[in-house]
Amino acid sequence: MNWHFLRTATVLLIFLVVVEINSEFRIQVRDYNTKNGTIKWHSIRRQKREWIKFAAACREGEDNSKRNPIAKIHSDCAANQQVTYRISGVGIDQPPYGIFIINQKTGEINITSIVDREITPFFIIYCRALNSLGQDLERPLELRVRVLDINDNPPVFSMSTFVGQIEENSNANTLVMRLNATGADEPNNLNSKIAFKIIRQEPSDSPMFIINRNTGEIRTMNNFLDREQYSQYSLAVRGSDRDGGADGMSAECECNIKILDVNDNIPYMEPSSHMVRIEENALSQNLVEIRVIDLDEEFSANWMAVIFFISGNEGGWFDIEMNERTNVGILKVIKPLDYEAVQNLQLSLGVRNKADFHHSIMSQYKVTATAISVTVLNVIEGSVFRPGSKTYVVRSDMGQNYKVGDFVATDLDTGLASTTVRYVMGNNPANLLNVDSKTGVITLRNKVTMEQYEMLNGKYQGTILSIDDALQRTCTGTINIDLQGSGWEKDSEKVTSSQNSGSSTGDSSGGTGGGGRENPSEGDTTTNTGGKTSTDYEDGETQTQSNNNHQELGSNNLSDNVHFGPAGIGLLIMGFLVLGLVPFLLMCCDCGGAPGAGAGFEPVPECSDGAIHSWAVEGPQPLPTDATTVCVPPIPSNNANVIECIDTSGVYTNEYGGREMQDLGGGERTTGFELTEGVKTSGVPEICQEYSGTLRRNSMRECREGGLNMNFMESYFCQKAYAYADEDEGRPSNDCLLIYDIEGVGSPAGSVGCCSFIGEDLDDSFLDTLGPKFKKLADISLGKEVEPDPSWPPESTEPICPQQGTEPIIGGHPPISPHFGTTTVISENTYPSGPGVQHPMPIPDPLGYGNVTVTESYTTSGTLKPTVHVHDNRHASNVVVTERVVGPISGTDLHGMLEMPDLRDGSNVIVTERVIAPSSSLPTSLTMPDPRESSNVVVTERVIRPASGMMGNLSIHPELSNAQNVIVTERVVSGSGISGISGLVGSAMGVSGGGMAMNSLGGGGGLSSSMGGTATIGHVRSSSDHHFSQTLGSASPSTARSRITKYSTVQYTK
């Protein structure tokens, strides 16, 4: 295929199309003028129909409205129809909005606001021409509006401080760093062209750097950088746009240039020469110190020096150790010098650095020698063994006193055998050898036996000492013996005798060599081992004794045979016998015997907290029971000096501990409690006799010895059943022994179930009378959200009781401040005696958070000679029952008043239950003053009073400071004399009752009562959403009508 022709044809075709599109058709028409007969030629031009394009550029940061209209569009379709012009794009219907607007009739486009080129460098406006139906008459037209740039942005450096480094002595024009700065103005424009300039240099001695104004490169100006002169330079550089013009904007930055160190300084030593002296055969660790000076950077490899020997140390006597922190060299003597061999030495030392020298001074470096003159001093030398060790061979056929060889010391001064020394054995394993003290001849002490051969493992290594008594010097030589051959003697008796003989001989020899001198003197001693090594010591006798000790230790160390002797076998047999004796010991052991037999386990003390049950029956712990309804036998009245403590109930519960004694008239009152719950039953009454005026109550320790009487228990529970059956069947819960709290928190087992006696087992009509105590259970069953109760941790304190004999305070607060906690002691059963009126005693309540069961029995009467422990009857026609209250009683009226002071704990509650007092002198009302905190709760329960002698209304003060306060009154039994009931005013709770007056609960925890009794502050919980507003009608004294359920705990929530 002819590609050249094809390319030519394609180019021609494209050219023809372009010409056709842009060409104009010119038609000439002859116009004949009939008048004058002339012809006119008219040129008619036909052009392609298109838009009229025009758009003027806008300058940023200026008001361009004076240039409006910046553009105008027009379509030739407007000649024969109505055209509507519309525009769209950025600045019109896209952010930023409203910059351009158009006249829809004329097509003029106007600008309305100031533009920023850095945000929008140009605008593209899409123009449309629409007819009356909204249809496009032309293709959309793109109109570009360019924004002209102005110099409104200064240069910006990428860093405020540039950091660079360069070695000293670098060549000129060496690149150090490159600065970077940019401008936000239009690129490739004069406004964004930045010129760099160094405006300051520190130190400013002479300029050392130059900068390229266009690229920002910083280079060295010369090769004179010297770190030892200046280690760092700081430059200030300015960058200006418009190529550094006067009308440009500028910015500045800092440049820190660090000069790196190179090894361009030759070290040298100070001083340049030394003279030292040293004795022969002496070693020195610090003969002379040589200091090296170097100007390079300290602690670098360019600064650390290395001192070397140039000459004079051919014998290797000296060595140099460098201290890298001080750059000081220490010359040491590591090999003894011999005066007879050399008297003077000339050492020549040189120095260099660890790092190589820089190329700039490599040619200048020359080794400079430092001379050290060493003078060797002559000393009187002792004898030495040359050579220091010898090896001999001993065979099995060599007998006692066999000459192994000789080992003679040499006098260093003369070079001949020493004649002034004596020889002794030093380390002599197995006492094998003996040495002649004068000649140094070594012989066998005894014939070598098999045991010695095995002990030495065929190799013997010992030492021989040469002692010069005149010079007080000692040298040491080493003796090596190779035991060869076989047939070593095995006679143990002979071996033992030989060893004993050799040992005594060695000891005597050692004593002769070391300490046999009569006049030992002090002096310098030289010890040479295998050469000319010398040491100093002062006492030659001590040295000899040390050698003897070494000999004995070496002999003991080699004796490492282990034998299993008779003692070890006996210990093993004894261990097995002991193991076999253990079963017999267990069979004979008395692991608990019959009671009273004298043998067995000791009882656990009652104060211990162990795993032993505190109840005296088998099975689980019995539930707490109430013994208040058990009939009490008549009390003898003719014996005033004997108190008969009759306890027919046998069932009691003690939950608190303590012991309290208090004077009652002329006698004593003793009350005992224990920190356990227990059940004691007895078929017969218990009688205890004490002195006059003294009451004694059996403790748990005494009751544990009793057994369980089922007949009595059956009688007791029958009485309880009949007592509850006589009561109103409309009670919400007929089981008073179960004290209910919030279900799931501290409730006893089975508290949800009802243990009451119900006539019909399948009758569930009792559910209609359930009280608010089951509200939480109902809420849980219905799926409602149950709010948790806040915790209330009380403080633990001790009770403070008033002194006996003080006058009762009426209307005031006595100085009694009981604190409440979980371990407070409670006096449960209190029995007044004596003729006088007893004063009130406050009893703080130790009840903690949770359910508790307390059974109490109190009684008061007229003037009683004996004080009797009596269980109170359930009902009495002439008593008011208050629980845990002790009140003074007189024969005619009640004058004793209880005044409870303000309690320090703001979350205390007040509980009044079961007050026992005669009706003849009961006051008309019970008054409780304002507690100090609105969270206090007052609960009054089971008030039984006669039909006469009391006011017939319950008045609750309306000034309750907090609507959350709760007052609950339960089981109020009143006679026909009650006139009316007034409820609670200003509170969310309704209360029904009679015969009691309470002031508002304002701020304290104190209680003031106008009747002769003591109110106990307890822990009571309820919730403010329970509204008790029942009205009790007339009832007989023996019945109780109430729809209010007893709550043992009432919780106040803010």
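Every residue, even glycine, has its Cβ placed from backbone N, Cα and C.
Since this is a predicted model, take the numbers as computed values, not measurements.
Swiss-Prot tags one of the stretches 650-672, 1018-1040 as region 'Disordered', and that stretch is 1018-1040. For the annotation N-linked glycosylation site, the record in Swiss-Prot points to Asn110 among the listed residues Asn110, Asn851. The DSSP breakdown of the domain 'Cadherin 1' (50-157), given as helix, strand and coil counts, is 7 helix, 39 strand, 62 coil. Within the model, the topological domain 'Extracellular' (50-566) shows a mean pLDDT value of 83, rounded to a whole number.
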